[in-house]
Amino acid sequence: MLPALREELTLHPGLPTREGAPTWALHDPVRNAFFSLDWLSFEVLCRWDLGDPDAIVAAIDAETTIVAERDDVKDILRFLVDNELICNPTEQGTRWYREQVTKCKTSLATWILHHYLFFRLPLCRPDRWLSRMLPLVEPLFSRGFLWLTLAALIGGIIEISRQWETFVTTLVDTFSPQGLAGFLIALVFAKLLHELGHAFTAKRYGCRVPTMGVAFLVLFPVAYTDVTEVWRLNDRRQRLAVGAAGIRTELLLAAWATALWTVVPDGMIRSGLFMLATTTWITTVLVNASPFMRFDGYFLLMDWLGVSNLHQRAFALARWRLRELLFGLSDEPPEALANPLRHGLILFAAVTGIYRLVVFSGIAVLVYSMAPKPIGPLLGAIELWWFILQPIWKELAVWGRNATRILAARRVVVLIAALAVLITAGVVPWDRRIHSQGLLRPTNYYSVYAPDGARIVKMPIVGGSVVGKDDVLFELEAPDLAYRQRLKTVQAMTASWQSNAAGVNADLRGQLPLIQATRARLEAELAGMTSEKNRYQIKAPSAGVFLLSDPGIQPDVWVKKKEAIASVADLSSWQVITYLPEGEITRLSVGDLAVFYPEQSGTDRVSLKVDFIDQDAARVLPEGILASTSGGKTLVRETAGGLVPETALYRVVLSLAEPKQFPQPMLQRGDVVAFGASKPLAEEFLKSAIGLFVREAGF
């Protein structure tokens, strides 16, 4: 005998399938849960009181065109038992219910561990209040209100275009304490109306709304409304209307906020209206309209396609398709669907998987970073396991159960070979290349800087000429120095005259010691100024070619302090300077070969060999052209002492393997590929992973 169904269960007509077959919804009012039934399940439940599977099958065969079997009745019985939809007053049934209750009892810590990812907190039972308020909000569903909202939006846009400067500057004001308060109030108000939009629309179509509250997705609060009873609706447009009501409400709210912003004075209310008009509805559309999470967009897509349990069915098809691609098992698909729909669901599952991987990984990192240790790592690991690793593990378990069939498949040989090649490529040390960015420059290269702000008086040597060591390149004049020198010269001459006149002047004779001390001080200052003036006579630091840094450098031109105005270089010898991190420097030895690829187009690559490797990490980066601040690849931070690398870098000097001449300009940035000791491709990943673990493992 079959156990009896629970008496409070009810059946409601559902939407037909895409193929036109009828469906029904089985309602469990205790849990407010609905179960979608196909035609066969409906016919079995209608004859359930016969109490015998054979009698039910015989009645269905005699009274309908469906071909039923005894196993179909057993499958439905299993479904009813698993979902606790039957009455089982026997001792065995009582024992089973007692075991289920015992399984549900857990400690507080276990409950938190399992439910912190998602749980709901009901705040109110709004059904009666919605029934009383529905006549008042009914006009908001009218076509006239829609046209009025459109007119308000157009008027608001026209007025905003006239106040565009003020409208744009309002964004800056939102970051003030008053603006942030307005934003939070606007956000809460928008989400409240969003949920009321769902609730009133569902109530309008005769559905009960038992609860409203806050759901916590990884401890992030999200408002929710229980509109489960929309499964009772057998009109697809009504279901879509309930699903889209929240987004529709926020769009209407944004339209009216746009219009009201133009007439409300500055303050918290205007800041809130600005956020409603520009921000909250955009985030709602981007988040709620997405079908990749169980938000409004998911239910809209599900009702539009007529495919219930969209995520589960799409992922089931995707897993089946993956097994077919990898192993070629020739299994039947989980359900028979038209090819376009099946391919679409598989693609949808793939995109959803990628989307969830990115979102939940980001949330896990956020939880890990914000929560204190060891709570943060524990919660992050739980989320990664539940949402990402557990589905993978379950699929691997399916592969394990089918190991015999999988190993017997022909395609698995190719798969194992490809996997072996990938593993070999990752663990075998074959990659000798070491990549970095370098600077091609003459071996003897010196930049010429202005000692201070000054005017160029003379340039004895023309740019591009060959110069010798200590040849005068520039004569500069600092007006302030010249003025002070003339002043001190006059003062020194006066002191000298007073000293000489002291022999015949009784008044000066009494001041002679002071006059002589003043004269000595002034002469010393003049000597120092003469030495300082010599700094403005810039000489060649070495023999080589004299090159101007700018063609505009000429007499009567003013230069700034520490400005590079020229350079002197020996073009007969060249080298490349590069910097390598600690993990790469150990692979390189003096004498190893390398290649330099200049950034400048039209320049051939240059063969190099390693000449010198610094044993200590560079404290500063003298070659500023390699710094990230100048478009290079070396991350640095600017300090008073120069450009400091963000990580430990070691200076490597490479010389040309063969003599070669280069056109001007001489300094060329480019990529360096050195050939050192081999390493596996996976080594860098493993080092980074181990380093991350070591850094973050300490509490």
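Cβ atoms are placed via backbone N, Cα and C, with glycine included.
Within the model, the domain 'Peptidase M50' (183-281) shows a mean pLDDT value of 89, rounded to a whole number. For 183-281, the entry in TrEMBL reads domain 'Peptidase M50'.
Outside the transmembrane segment (140-160) by six or more residues, the chain places 167, 201, 204, 252, 255-256, 258-262, 277 with a CB less than 8 A from a CB of the stretch. The transmembrane segment feature in TrEMBL is assigned to 140-160 (among others).
Positions annotated as transmembrane segment by TrEMBL: 175-193 (among others). Sequence-distant contacts of the transmembrane segment (175-193) (same chain, at least 6 residues past either end, Cβ-Cβ under 8 Å): 223, 249-250, 253, 267-276, 279-281, 284.
According to TrEMBL, the transmembrane segment annotation covers 205-224 (among others).
Under the heading transmembrane segment, TrEMBL lists 240-261 (among others).
What TrEMBL lists as transmembrane segment is 273-293 (among others).
Using a Cβ-Cβ cut-off under 8 Å and counting only residues 6 or more beyond its ends in the same chain, the transmembrane segment (345-368) has close neighbours at 218-220, 290-293, 307, 310-311, 313-315, 317-318, 321, 337, 376-377, 379-381, 383-384, 387-388. According to TrEMBL, the feature transmembrane segment maps to 345-368 (among others).
What TrEMBL records for 413-431 (among others) is transmembrane segment.
Each residue of the domain 'Peptidase M50' (183-281) gets a DSSP state, and the totals for helix, strand and coil are 67 helix, 12 strand, 20 coil.
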